[in-house]
Amino acid sequence: MSVISIVPLASKPCLYKSFISSTHEPKALRRPISTVGLCRRAKSVTASMSMSSSTALSDDGVQRRIGNHHSNLWDDNFIQSLSSPYGASSYAERAERLIGEVKEIFNRISMANGELVSHVDDLLQHLSMVDNVERLGIDRHFQTEIKVSLDYVYSYWSEKGIGPGRDIVCADLNTTALGFRLLRLHGYTMFPDVFEQFKDQMGRIACSTNQTERQISSILNLFRASLIAFPWEKVMEEAEIFSTAYLKEALQTIPVSSLSREIQYVLDYRWHSDLPRLETRTYIDILRENATNETLDMKTEKLLELAKVEFNIFNSLQQNELKCVSRWWKESGSPDLTFIRHRQVEFYTLVSGIDMEPKRSTFRINFVKICHFVTILDDMYDTFGTIDELRLFTAAVKRWDKSATECLPEYMKGVYIDLYETVNELAREAYKSQGRDTLNYARQALEDYLGSYLKEAEWISTGYIPTFEEYLVNGKVSSAHRIATLQPILMLDVPFPPHVLQEIDFPSKFNDLAGSILRLRGDTRCYQNDRARGEEASCISCYMKDNPGSTEEDALNHINGMIEKQIKELNWELLKPDKNVPISSKKHAFNISRGLHHFYKYRDGYTVANSETRNLVIKTVLEPVPM
């Protein structure tokens, strides 16, 4: 590995967005913006993907901690050079034609005597159509048809489940598991006792020793159903344990195929760390592989064709939005702040991975802006800022006035002004959607977030390790789930009256669980690198302090158990019956939680943009699917 040479950095003014006019010409500045965000390293460092900390001498002569984060991987010139033919009107017209044809398929399987209807498999046909359009990312076009299909299936549901057709007396595991998952996700009341009948005399799920493709598919649907369990559902927990072991064993025995790839994907990403667009890309690839090996039926062929066209049309929009994001990042002056992580492309990948509705560009772009500031503040409070500077910045945010910059060090002034301008701008955007002023919500979330970070900075400066409970209470806020969620969802075309917002925002159980899961999962992936940077307090170290004699493995096992329990509790908060707060109102906040969880699946995919992260950007944003 090469060693980076130590060379003085030339002074270069930071040009923040708030000093750019509407014509993109620099405004006259009353004061110069210092280059204190540029650091001269106090020692040579090895060029690698590690995040070990070193000290740095900033331009104001202050010795500072830095995280040695790798630079932005996505050059703005490269982003601006992206192009796609799929924005042409001919592709939109093709999509409209295919949408009409797929609606006709839905209608034909709903007709009492339609040619596609058989009394022995009509229920399974309805469920398969719903499952396919959702996994292929085209369900937004068929909400009415989905409701009709699920109502039809539910009308035949019994305490023993269902068979593939309405005339089939005996329920089967495949149709029951698929139906259970889809119906529960769409708000129908479902009881897990329906799976008790599939147990043998020993209380285990009964299945033959022959692993046929049909049986494996049944267990795969059982596994998918088990992932939306509630905390008290013992039979669902048993189903998850059984199906996980069964599918892992199946992967060792069946040949590499589209089925094996589907199993591997579902086992890897489960549900709570899955991104809908990644699932869509993966499922398109699976069906494309099937199409090369066998003749697809007419329904699947039409669905696949529409999915590919829709994927690529949105891909064209993604590239245009990403260009806007990259220009905003470049003009904001952020590239000159060398102590921060520049992950605007990764943030955009996350948000476009959870919301593929074309008309929601404002939501996606502003989500990136908020997350970018969260990252600046994270790196400023975690490493670069001194404790006295951070106290000044926290107090300035509470004042929420441009004049508050007078007491700030130079490098913080530009950050403060840009944060102030952006949060106010987003509040104005939210007013258009919500019809009321939401700035106070945003300010309170920001103040709470910075307060939690200041507390952690004080712990670092004093070497204090809190109790596990004290750490987690603070960590739920510093996880940034609330601040990353609140303002963006208020810009959606979805009303969030106060009674709905209080079910999602602080201090709701939903917000508490989402913040806790993110903090716990993040710590299990980051604690070793954080410790190398001098940050001793983590949920692992706090657990070990509370439990003398325990090992890191003990702590990780305990925390992973907490995460699994809290995931089931979050399932309930999302899916519980509530006429006043429908699932659709909570879904975006939940999906943001899924997206953030995704990047901590194996390691910290933000701080170190590893191969999984880069491949995700390529597969879901940069590349279209082959037509």
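Quick reminder: no glycine exception, Cβ is built from N, Cα and C everywhere.
Residues annotated as Mg(2+) 1 binding site in Swiss-Prot, with similarity to another entry given as evidence: Asp378, Asp382. What Swiss-Prot records for Asp378, Asp382 is Mg(2+) 2 binding site, and it gives similarity to another entry as the kind of evidence. For Asp530, the entry in Swiss-Prot reads Mg(2+) 3 binding site. Residues or ranges marked as motif 'DDXXD motif' in Swiss-Prot (evidence: similarity to another entry): 378-382. As annotated by Swiss-Prot, transit peptide applies to 1-36.
Separating the Cα atoms of the residue listed as 'Mg(2+) 3 binding site' and Asp382 (Mg(2+) 1 binding site) is a whole-number distance of 9 Å. Remark: Asp378 (Mg(2+) 1 binding site) has Tyr453, Ala480 as non-local neighbours, by Cβ distance under 8 Å and separation of at least 6 in sequence. Under the DSSP three-state reduction, the residue listed as 'Mg(2+) 3 binding site' is assigned to helix. Break the motif 'DDXXD motif' (378-382) down by DSSP state and the numbers are 5 helix, 0 strand, 0 coil.
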